[in-house]
Amino acid sequence: MTQTWNLLQTGQKEGYKIAYTNARIIDPETKLDIKGSLLTEGDKIVDFGESLFSTSGVDETIDCKGLVLMPGLIDIHVHFREPGQEHKETIYTGSKSAAAGGVTTVVCQPNTIPAIDSVVLAKYLKYRALETSHVNVEFYAKITTLEEKLTEMALLKEAGAVGFTDDGMPVMNPMIMRQALLYSSMLGVPIAQHAEDLNLSAGGAINEGKISEELGVKGILSASESVMVNRDILLMKDMENVHYHILHVSSKDSLDAIKRAKDLGLNVTCEVTPHHFTLTEDIVKQHGAIAKMNPPLRTEEDRLAMVEGLKTGVIDCIATDHAPHDRSSKDLPLENAAFGIVGLETMLPLSLELYHSGQMGLLDVLAKLTYKPADIIHIPRGRIQKNLAADLILVDLNHEWEIKTDNFASKSKNSPFDGRKVKGHVVRTVVSGKTIYSQKS
């Protein structure tokens with residue numbers, strides 16, 4: 001297998017026309033699923049449909065050979081470790097990993113070293129992305145400073161922040177959280193909470209339950225998440241124009257609270273990771289610290305609740321929480337090892353398990369990976385529409401392969417999915433009309 005990458009830079013050159021023919025074109029938002037062709041010019045989609053338009057005057061023709069041509073995936077939760085931990089990941093290597101996984105837009109979390117809590121650092125991140133990324137890079141900025149005061153949220157939004165979070169840590173102070181929610185409502189951006197009450201979880205390594213007891217390891221109480229979710233919903237329920245987003249939800253009790261909030265008409269959204277709807281705490285016995293993440297893998301009841309939440313719409317989207325770590329950070333006892341796993345190159349096939357197993361329809365699964373996350377951060381992507389950005393992927397839905405972490409483009413290889421057999425493979429990734437990743441057998 002030969003893989004080729006190109007930096008995004010300014011995207012496809014102006015006026016350059018590419019015809020994608022013999023494709024199964026899927027757009028989850030409009031429920032489009034047709035055999036046809038699609039035309040891009042420069043960085044935009046200009047035409048698509050069932051009729052085979054003439055390819056005369058086209059600069060390049062790509063025969064899709066009946067494969068699925070769909071919007072690029074959008075992952076609103078990644079850690080690219082730049083600045084500060086470039087030995088684990090960089091924007092360059094992280095975006096290579098994204099491209100190989102069919103992810104055309106990522107949202108970087110701000111818990112870098114130093115954290116993205118100032119306009120200077122926000123501009124640095126955007127500059128590095130323009131210089132070294134293969135895909136579109138958006139970012140959250142921090143809610144609080146090191147002094148536990150609110151950041152300059154209006155200025156950070158002006159500098160490009162699509163929302164605010166202290167991900168990696170929760171906003172523990174309820175007054176600070178209330179102020180953040182109020183300010184964000186004026187700015188029209190979400191507050192994204194890492195929902196964890198540290199008073200209930202501090203010092204824990206894995207889910208508190210039968211496995212933590214068996215291994216003699218301090219656990220993280222499931223209620224540490226749901227207590228924080230309930231607190232924040234109470235704080236925002238009487239505010240106008242506020243958007244509260246829960247990162248990497250993992251417990252059934254949290255979903256119950258989110259459903260109640262949605263039923264009341266509150267603007268509450270949430271995401272789930274593939275590992276939380278495919279794995280349980282039981283695999284910690286097999287994989288040890290490689291299966292350590294925060295929030296931790298929980299029970300089968302919680303896992304099934306995640307699947308049900310995706311099916312019913314209580315869970316709005318799928319996001320990876322791509323958290324790269326070098327080997328020395330993971331080759332430690334459970335209590336001392338770093339939290340997190342990589343996920344960009346496994347998000348699509350793991351999500352497609354919901355389709356291949358008959359639990360969800362194809363368009364419903366793909367919606368959680370495309371326009372639904374785009375809507376949470378208010379960007380016009382994740383769709384096939386005329387005059388929108390030509391962010392596209394070509395996917396072989398039925399290609400069977402085995403996940404091998406040694407083949408990941410990410411600088412880090414920390415994944416408990418090594419050796420898992422999956423279906424669904426990205427053949428080509430296009431961003432702003434430019435092929436930035438392709439794979440040939």
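Any Cβ shown, glycine's included, is placed from N, Cα and C.
HIS248 is the only one of HIS243, HIS245, HIS248 that Swiss-Prot places in the Zn(2+) 2 site (with ASP167, HIS194). The Zn(2+) 1 site recorded in Swiss-Prot comprises HIS77, HIS79, ASP167 together with one of ASP316, ASP321, ASP326, namely ASP321. The substrate site in Swiss-Prot is built from HIS79, PHE80, ARG81, ASN111, HIS325, PHE339, GLY340 plus one of ASN136, ASN294, namely ASN294.
Of all Cβ atoms in the protein chains displayed, 20 besides its own lie within 10 Å of the Cβ of ASP167 (Zn(2+) 1 binding site).
Cα separation, PHE339 (substrate binding site) to HIS248 (Zn(2+) 2 binding site), rounded: 13 Å.
If you take the Cα of PHE80 (substrate binding site) and the Cα of HIS194 (Zn(2+) 2 binding site), they are about 17 angstrom apart, rounded to a whole number. In sequence order, the recorded positions near HIS194 (Zn(2+) 2 binding site) (Cα within 10 Å of its Cα) are ASP167, drawn from HIS79, ARG81, ASN111, ASP167, ASP321, GLY340.
Annotation for the binding-site residues HIS77, ARG81, HIS194, HIS325: lowest Cβ count within 10 Å of the residue's own Cβ, HIS194.
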